[in-house]
Every structure is written in C-alpha cells, then in structure tokens.
C-alpha cells in the first residue's frame, strides 16, 4: 500500500471527524439537531447521495502497486475493480452504447479489400454478432439484469437491517439506540433513495462491462471511468482546500474582531495585501514552482500519479491561502458585533478568561457563517478547478477531473458532428454532488441555528 | 352618543390557521373621543389596529362581521380603495420613531409625500401645509428644520414628525400604537399633551394602544382591556379605574408599582459596601488626520456615591444621562477612572488576574433578556459559567447541584438547565440572568433596567424576586432605571443623574416626596400617575 500526500490528508480528515463524533456523542444539545436532520427528508436524501460520492472517493484514495507490476504504476482500489474499464480503450471517440467508432476510417474487410467506413469498436459491444439487430435488445436485457442485481442487493441489506435488531432484542442486547433514533424517522426515504441509487449503480456497472455507457473520449478512454475517477479530485479540492482555509479564516477573523487595536490592524493589512494580488498569479506561480521542484528532484517523483498528486495538493494549498480572506472579513465583522453583545459582557463580568469567551461565546455563534461559506466555497472551488484547468494551471492534465473533462469539451463542442457526452457526464456528476452538498448544508444550518429550529 | 366613527364587530384573527391572536372582539370609537386599548405584550392589541387598515402579515387570517368606518364597511373595500383610506381617513403612528422614518429623506419631503398622495395641491400650498403641520406638532424652529434629516432630530422630535405625517391627511381617526414607549418620561408627557391638544383642535378621534395603565388613565375617555385576544372589560375611564370588574383588570392594577410604596422602607443605616468617589468616564473625540483629541464626551462626569450592605440604590435618569455607562464601568466593562472600593478592596488599578479574582463581587443583570444570553448554550451551562471561571476547583457534580439550587431560588423548574434560552419567555429569561449573576455569590448586583422590557405583571414578579433574594442573601443592588414608580417599589436610596452628574441623592422617601433639584421635580411631575380616588 502506498499513501499519497492527499490520501494522508484525507485519512487525517476522517480521523478528525471520527474524534469529533466521539467527543460530541453524549451531548444532549448536539443530539437534538442531529435528530432533526435525521427526520428531514431532504437532509437524509442528500446525505445518502453525498455518502455515496464519499464512498467512491474513499475507494479511490487507497493506493497500492499491483502484484503483477509491469508498468511501475500505482493504482487505487477503484482502479483495481474497474480494470476492464481502464484497459478497454478504443481508438478515439465513440458515442454512448455505440458499437462503432464515431469517425470514419479505412477498414480492412474480411475479403481483403479496403473500405471507408465506421469500424467496429474493439470492446464496446464486441460480444454481439450483428450489432444492428441485437444491440437494443441486448442493452435492455443486460440493463434489466443489472437492475435486478441492485434491487436484490438492496433488498438483502434491508432484510438484514430489519432482522438483526429483532435478533438482538431477543438476546436483550441493544446496540446504539441513539444512532437508531437519529435515523429512524425518515428511514423510509433513505431506503427509497437506496433503492434508486444502488440499482442505478449496479446497472451502470453491469452495462459498462459490455459497452461504453458514457462513450469514449478523444484517445478512446471510457468517459464513465473518467467521470467516476473525477469524484475524488472534486472532493479533494472541495474539502482539503476548506481544511486549509478554515483555520486561517476563523482564527484571524475572530482575533481581529475580538481584540481590535493593533491585532486588527495587522490582520487587516495582511488580508488586504493578499487580496490585492491577483489570485491567478499566485496560483500560477506556485504551480510552476512545484513543477520546477519536481523536475529538480526527479528521483522522488517517479510515478505520474505521484506528480499529479503533488500538484493537486499544492493547488489545494494555494487555493486555500488565497480564499480565506472573504470568510475572514465576514467573521471579523460578525465578531465585532458579537463582542458588544450583553452575554459577552456578562461573561467578562463573571471573570471568564478571554480564551474561554472566544471559544464558548464567539466561536459557536459564528459557526453558521462558517458552515454556509464552506458549502458555497465547496461548489465554487469545484468550479474554480475547472477554470484553472482551462488556463493550464489547475490539476495535472494527466489526472482525472471534471475540470479537465469540461476543458476538453471546449473543442468537442466545436466539432462536427458534436461530441456531447464528456461534457454531459461531467455536468451530471458535478451537478449531483454540488446540489446534494447545498441541500444538506441548508438542512444542517436549519437544525443548528437555535432561533430557527424553535419555529417548527 | 352619535354614530361611531369606527365600529368593529366580531373580529377574529388567526395565524397559520391555528394560533388565534384576536378572538371575537367588538368595539366602537366615537368622534372626538380618546379610546385606549390596553393589554400586555402578545395580547393582540397591535394586530387589532393593523387589521383595521388591513396591514396584517401574510400568514394571518382575518374574520369579522364588519369593520365600519362611518358606516362604510372596510371589509368590502378593495385594496386599491383602502390605499385612499390609509393615511387619509385613518392616520397611524408607530411605536418606534427611529425606524419609522426613512433615513435618507428630509422630514419635509416625507410629509410632502403624504400630502401629495391625498390632496391635489399646487407646490406652494403643499410647502405651506408642511410648515403648518410642523408648527402644529410644535417642532421648534419649524421653518429651518424642514430640510433636516431624521438623524438630526432627537427621539421626541422624530415622534413629532411622525405625528405630523399622520396628521397630513387630516384623518378622522388617529391610531397611536404605543406612541411614547421608547421615549423618556418628560418627552412622553410632552407628546401626550400634544396629542391631546391636536385632538381638541381638530376634533378627531384618537385610538391609543398602550401597555401603560397609568398613562392611559390620564388621557383616555374610554378604556378596553385585552387579554389573550379577548376584550375582557370596557368602560369609561373613571368608572374603569375606580371599580374594575374583571379579575384580570384588578390584577393589572395591583401589579402597577406605586409611588406611595416608598414610605414603607426602613431607614436603618448599614455599613457601606461600595464606595465610589470622583468617578469619570470620558470618551475622547478625535478629529483631523492626526486623530488629535479635541474634546471628550463626558458620559460620567465625576460622581460619588455609597451603597450600603443589603440595600438598594436606584440610579435614575433619562436615556443618555450616563447611568448605564456608570453601571458598566463599575464592572470594568467600560474603562473609567476614579476611586471604587468594594468591601474594603480598591478596584481601580487592578488588571489581569487580580481583576478577574475580584469579578465575583459585582455582577450585572442586563435590560434586554433576549440578547443577554448566548443562544447556543444550555441554560445550565450559562448559569454554571461563572462558577467554572472563578471556582475551577468545584467538581462537575457540585456545579450541577448548585445550578439546580439556583434555578429553584429564581422559581424555575429544574429541567430548565437542559433547555436553550429561546425556549423561555422574557420574564423567565430575566430570572435565568439573575441566577447567573447569583451563581458567584456577588455582594452587589448592578441591575440595568432589568424590568423595562417586561410586562407590568411580570415586572412586579421580578421585583418581588429581587426583594426576596435581597432578604435571603443580603445582596445589594445598584438599580438603574428610568421608571420612578419602580424606584419607589424597590429602592432604599435614590441618586438622580443628569448629563453625567448626580444632581440629587438621598433616601427614597425624601427624594420622591420632597425633591430639591428642579430637574427631579420636572421628572416627578412628568410621571403618569393613576388617577384613582383613594
């Protein structure tokens, strides 16, 4: 097993979240909002979708060298599972579910003559003898088979879920009643979503063994595989950047607002200065720096994937460093307001130390702002990645990302006949992720804002 | 009596189809009379007034047999026709003159706007009318002030402008929704006199909405009392105050703090707990590029006073006189200078850890029960905060026990500890704040207008609670207030503050019955007193 830098940070993030979960487990005032999220249909639906994305992202974050190492490459668990997808490349573009190439070329006919036409694909629909007549039927058949697999699988899980608690109750062992209480009220919806997502996934997986469900790109690579691989890049850019940005924004913003005076002056100077340097310039400079560094230390960056990972990490860091100012400004303003609130004054009067006031009175009361901006930033960062890829200072051109896919689609849209599937696949995946994140954040915010949760 | 100007029959208003805020009420207002609708907050009195003009929020449902204005049923009028009635036939004065005026328009043009809307007059005539109106509401130097912006006027002057706007349409009925609540007593008296004057000049009807029974008794002809959406009693003022029939009305009248109570206080001398001498609180005014200090705002300008152990000193004054600044700077929340000695320990000059240790001696209860508690902390944690900070050695179990005990002392259920502040009413929140202050066993609690945001009956309960706690624990209070009636109820000594200085102090009976300073006399004269025959 090989741990890349971004992998390590992702594991760290998960550890932190687990620790936080353990710490907050028994807290009454945390449990109630969680129950509210649990009872919100939209919240649970978007959570399930998000978790699905996260699961794929995590699978794609466990890297190792395959046992039969020929090409000195590092692959992830996801790659291992999707080996056929990865290796079944065509020559160039092909449409979704196509059996023939998208462009004409000279083909050698069985009788030895040469003909100008659309050649059969090497892998897509290879098992068919006569694609024209069998294709639709075959797709439906295989699709249905995949669907049935998914429904069966979900059904099995549901049976297990329903049976195990009864068994346990028989043994008078009750595990995690709190966790069940959190999920219970909208279990139905969760199962409904699972019954949609899992069969959809199995159908796609099953079909992708025989066809290119989202077509292939210019060099003949499967677009479905690309889109799935891009999930990790999107999640990494969205979460790691935030992880880097948040501490700076929160600490500086709150300190500036709370202490005012020279602390405020210094912090304001820092962020106004940083703000007046064009972000693109900083990003370009740091990416070039990394590239130069990697070129000078070639021994440490032997694999393509390690290089791409280093570049991704630096992109996250530099995006984080340039994007904390907006949130910092908001938090400073909010803290300026909060520090005059009477409960802060009462805390002063009670002899509470300043650090404790910051942690107990200021920080929790700005968290809603942090939450909102994190989610908004998450989506805008995913988009920023696309823009940066456009001017070639985004993620490495060899790594998969929706940005790269959309960037490539620029030329494909201008082509005649048009190649629409790369863009569509990237759009659908990105849309699902960003929408789910936005909806979930809304619900979380409603639940954790005491003034609003009181209304319902 | 002749035909009523406004007759409301069987009016009901529901919110979101379930919460009934006004429940089947009927009343009439006659020409030239002053009708007062009295009730505590949440009783539905403001909503009733808004419903007459159909200005209800979107989630409200109105149900009524008729709302007749001069026999003309407003319910049958379209929204378009109502626009001609609002402001023209019925004028409206809102509670808060700060937020009812557009800050970027001159007051002249705001009055002009209303006149243009309802009368087709030439330019000069409009200007003439604006000036007339401003003179009618007795705005000093009216001709020069037409071009003033709202921020250039004081609170009382703004309310005068609001009245001028309401009068611009020459209405038959003027609805005044708590017109003086946010004003000082002396200003309040002026505004009420003005309203009465104008009513006599124009012969319009005045519908006064108020929570203040004493104020109502001095101005109204007829009074109706609302409780939880119902009118429980209606009657002519004299009859109403002399022989209240409904138990709720009697309860309200009994809850009123009375100036007579001051005579009951004991006059024995206790040793002094807090000694303040020559206390200043100046804010520098800086001007120019170099931020040169050109002058100071003298918020507190050399005050000296003592507070005795187990006694209450009331600090009285109008808004802006520096009483809150003084209270807060005693706690070192605002920097001040001067000698402050509590319990033999000199506080000034203390910083850092030494100051933090002394914090336990003085605590504060704030005016606004809604912003004085962290909305994201459980009540138990809020109360325990001081113990955690000043006595970190106390174990978690002991802390919980102490919180339970404190909640009991302020008459709140024990399970309050696990709830959030927003689940409590204003009075309950104020109890929590008192419990928080008591948690560190202070010798002195600064009460900064603790009851002015509360209803009369709740106010009486809180004052009773404060008194009980004083008897039990021997704690002293510095009670900051603008309400002289409350002073009579709770204080042993009084200090009257005016423009940063204490102009008169002494025993409560002495100051309230034989005021020496002219300002104190003026203040006392302005307090609305229940006109009852005793």
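Backbone N, Cα and C define each Cβ position, glycine as well.
Caution: TrEMBL annotation is automatic and unverified by curators.
The transmembrane segment annotation in TrEMBL covers A:6-24 (among others).
Feature annotation from TrEMBL assigns transmembrane segment to A:45-64 (among others).
Summarising the annotation, TrEMBL assigns transmembrane segment to A:144-164 (among others). Under 8 Å from some Cβ of the transmembrane segment (A:144-164) lie the Cβ atoms of residues 191, 194-195, 198-207, all in the same chain and six or more residues away from its ends.
Non-local neighbours of the transmembrane segment (A:189-213) in the same chain are 41, 44-45, 48-49, 52, 84-85, 88, 90, 94, 96-99, 121, 123-125, 127, 138-139, 142-143, 145-147, 149-151, 153-154, 157-158, 183, 222-225; each lies 6+ residues outside the stretch with a CB under 8 Å from one of its CB atoms. Residues or ranges marked as transmembrane segment in TrEMBL: A:189-213 (among others).
Taken from TrEMBL, the feature domain 'ABC transmembrane type-1' applies to A:231-441.
Feature annotation from TrEMBL assigns transmembrane segment to A:233-258 (among others).
Long-range neighbours of the transmembrane segment (A:270-292) within the same chain, counting only residues 6 or more positions beyond its ends whose Cβ lies under 8 Å from a Cβ of the stretch, are 252, 310-311, 314-315, 317-319, 321-325, 328-329, 388, 391, 393. Here TrEMBL flags A:270-292 (among others) as transmembrane segment.
Sequence annotations record features per position, and here TrEMBL assigns transmembrane segment to A:312-331 (among others).
The transmembrane segment annotation in TrEMBL covers A:369-391 (among others). Counting only same-chain residues 6+ beyond the ends of the transmembrane segment (A:369-391), those with a CB under 8 A from a CB of the stretch are 233-234, 237-239, 241-242, 245-246, 249-250, 280, 283-284, 315, 319, 323, 326-327, 330-331, 334, 397, 401-404, 406-407, 410, 430, 433-434, 437-438, 440-441, 444-445, 448.
Outside the transmembrane segment (A:418-441), and at least 6 residues removed from its termini, the chain residues within Cβ reach (under 8 Å) are 42-43, 45-47, 49-50, 53, 93, 95-96, 102, 214-215, 217, 223-224, 226-228, 230-231, 234-235, 238, 371-372, 374-375, 378-379, 382, 402, 405-406, 408-409, 412. Sequence annotations record features per position, and here TrEMBL assigns transmembrane segment to A:418-441 (among others).
Residues 30, 57-58, 61-63, 236, 239-240, 243, 309, 312-313, 316 of the same chain lie 6+ residues outside the transmembrane segment (A:6-24) yet bring a C-beta within less than 8 angstroms of a C-beta in it. Nonlocal intrachain contacts for the transmembrane segment (A:233-258), taken as residues 6+ away from its ends with a CB within less than 8 angstroms of a stretch CB, comprise 6, 9-10, 13, 53-54, 57, 264, 267-268, 270-271, 312-313, 315-317, 319-321, 323-325, 327-336, 338-339, 354, 357-358, 362-363, 366, 370, 374, 377-379, 381-382, 384-385, 395, 399-403, 429-430, 433, 437.
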